[in-house]
């Protein structure tokens, strides 16, 4: 019996780019792949399924026109379902095709050759079954085509949709690659989603990746999350891609996320994903693009890994797949894969793919020349990631076991504490028989079953004088295995404290507060959430002991309050937990209520004469008696103290504690910061209807009316100057009626002077509050000269002012001005041109050595020489600058040397010399000829007729580079040749013109060539040449016969 054909989608030949893809920048719009796979005999068994797998992949691109017409057409193909025989194929192409394709149809081999397996399958099928298969096939085809078209608008879609006669989708899958960043050049970032239903398991795949295209290479990286929703298995993977033309290489590493759990497929087994990896390579020969090869290596790790199925589990299995494929024309691809694994496990796979594209001329699909375009990198830009999307599982057989997990057999805890005993076993936990000691049960120990997976132990109460260690055994009825528990009950450490002083009144409100602290056996670790039991040794309906919380806090503490409405004495409080008890050493009491107390009298300790300083006080004493008229001694008593006047600043203060003294008396004090008279103070208890008045009314007088200046002092004794800033500070000391310094109080002082002089100013301090020494100050300044000024001070209620301890004076400040230095701004000699200037600066200081700034100052400027033309000029105004400086300038029209300038004030005995002597030199000594020019007409010829002449002009400047204008200048004119008849004549007067120029003329009666004329002043070392040399020609050479 010949082997039947069977499809294996997981090992089918990877999809290849179509004709024309190499010329596209984006993916083709629709690509179809029709696979008919044949799976060979595996481990001696022959599969008897005939399966046709159809994959419809669509890819989006922005510019479809560049990929050719056939890539822009959506294609669809019908497919067959599992276990059905193919429908009858056409033996030849339809005869009603376009006439342009007529020849192609005639040259096309019969379709029966390319779909022979389908044709053979029909031979075994009855007509009724064939019709049923045809309907199911049409439904599958329509669902596949419409689904792929809808998904392809998001990216690359790959659908394997198998609907059997019962409507089941077994062996179906959906994969979608969605680019979310694509620059159409180098970078592609994408997500990939997948769903598959295989072996009755639903698996989803979620991935994200990136691809980088550089030159002819693509570098990719991705990560995926796989989840077997049916079996509760999950894993993740990391993958890499390296693709180029004619070569695609991929690698993936798989890592489990879920751990052991009950297997869905195998009884008494656990399952979990197996870790593993794979390496995949698809290769094509550039010289023979129709021939391709595939190599894949994969390995998974575990003791029972189902790489070859659940019935062929192996330890750390591996497999290598080798395949070749042949594509003679773009329409057809055939391939053979051989998968060889550990211990000889193997699979053989035959694939036959028909890639038919509607709308593309059949001649192009049958042309061998178009095969090479299928191998380009451009067409694979949006291909799905090459990986194993099905989770490979590892299995573990369950073993019967009976063991204690948490906690260990040694159990330590406190009495009443519940501890878990978790036992993991295949037997029923209800069948465990426990053997507990009698004392364990007697002292409150219990073992309970909480559920089918665990027991709990409640530890017995701690026995202070007994045994606290117990041995408990348990035996399973099913397998007679036993466990033993050693239980140790630890002692808690309890302490109890009270923070309230007794006795308290039995009014139901006054309370004692107790604090219990619960620590562990180490006496350090707080025990939290422990429920304590509080109790009192005396029982009374009016006695209440109430915890403030349900259990101890994180510090191991719990508080409780004790109140009573019944007078009781010597009460003891205790606290306990599971038999451990502690009692307070201190006994407390509640006394009779104060509702019967009465104030019988109120007395005051002073008659009057106090001031409103906030410290003077009256003390009022209230005597309190009980219902029997006896003084209430040493008891807390609440007294309501009152005043008949509500005055701000009037303050009635009760004693610091409310306990009466041995005479049954309670006190209060009255103070005031306000002046007030005839204040009536009264007192009563809470239950007393009317207050009892004090035996006298009291008053507070205004304290400030008693303020007196007791002394005035001045801080300086030497005379000051009338500059308006020199000041004397006067300090007045103020005391109240008690002779106490008036400290930090506002005080109005009347300051006076015995002389009323314009410019004499007495200024009080900026605020009227006295300092810590009871002092208030004032300052005295003056802009007038005045002597023997007497300052005095007094308060508003003081009859006479108190004089300062010294009289003071202000002298005229300007009489102290002194020139302290004179400087000159230049050191080099100037010229006596009447404009060159030296500036002298005199610095003036007052008696304190401070510069006299912005003040009018008369300075006497002097020179040690009296020379006509020497002029010393003061500044335009006499006011000093910000540095206390006054200036004068010195000029001269006479030449003079070593002039000493000095300056002094009117009150200064001797003048101060400038730091340097200065000089003025003769300006004419600086004259210099700077250039000499000659006027030459256009032809430039002069004859030795004694009248032809050249005019030379010399320009003269002084030492500052200024033209010497309208000044007499002696110029020394020269010629470099001494020729008889050559004559140089100066201008008539030696005075220069407005351009600082002086001229001379040159004539000759002798013929001479290249005469150089020069000029210089008397003080000039070298003469300056004229800008041109001149010549005189022989006059006779110019003679001409004219007629």
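Every residue, even glycine, has its Cβ placed from backbone N, Cα and C.
Automatic, uncurated: that is what TrEMBL annotation is.
Segment annotation: TrEMBL labels region 'Disordered' over residues 538-565 (candidates 482-509, 510-537, 538-565, 566-593). Only residues 6 or more beyond the boundaries of the compositional bias 'Polar residues' (554-565), in the same chain, are considered here, and those with a CB under 8 A from a CB of the stretch are 504, 506-519, 525-528, 530, 532, 534, 536, 540, 542-548, 571, 573, 575, 588, 590. Residues 506, 508, 516, 518, 526-532, 559-566, 568, 570-573 of the same chain sit 6 or more residues outside the compositional bias 'Basic and acidic residues' (538-553) yet have a Cβ under 8 Å from a Cβ within it. Under DSSP, residues within the region 'Disordered' (538-565) fall into helix, strand and coil as 0 helix, 13 strand, 15 coil.
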